[in-house]
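What TrEMBL records for 39, 42, 43, 83 is heme c binding site. What TrEMBL lists as domain 'Cytochrome c' is 26-106. The feature signal peptide is assigned by TrEMBL to 1-25.
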């Protein structure tokens, strides 16, 4: 009986981690600090001061196919068009935290 319970608990644990949202693993509060220091000059309040139609609002992130942690991480890491790449300026976990913060704010409507 103990063996069955142990196997069930192990299965539940594996299932839980397998389907957890990776954005939740990142730290949105830490992302806010990094965002404020590195991104807010162009993206204050979720706006885009360089290209107004490409804001960080949920609708725009969805329209441009980056409304996900992976999409935002790729954009911040590699840059695109007028946006510079941050892969040489920020650590991977900092970029993941920024993605978590951006998603949290986009969901809340900035």
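Just so you know, glycine gets a Cβ as well, placed from its N, Cα and C.
Curation does not apply to TrEMBL; its annotations are automatic.
According to DSSP, the domain 'Cytochrome c' (26-106) comprises 49 helix, 2 strand, 30 coil. Each residue in 40, 41, 48, 49, 50, 56 lies on the same chain as 39, 42, 43, 83 and has a C-beta within 8 Å of the C-beta centroid of that heme c site, without being one of the site residues. Per-residue pLDDT, averaged across the domain 'Cytochrome c' (26-106), gives 97. The record assigns 39, 42, 43, 83 to the heme c site; their largest pairwise CA distance measures 11 Å. Of all Cβ atoms in the shown protein chains, 19 besides its own fall within 10 Å of the Cβ of residue 39 (heme c binding site).
For residue 42 (heme c binding site), the same-chain residues 6+ apart in sequence whose C-beta sits under 8 angstroms from its C-beta are 48, 49, 50, 83.
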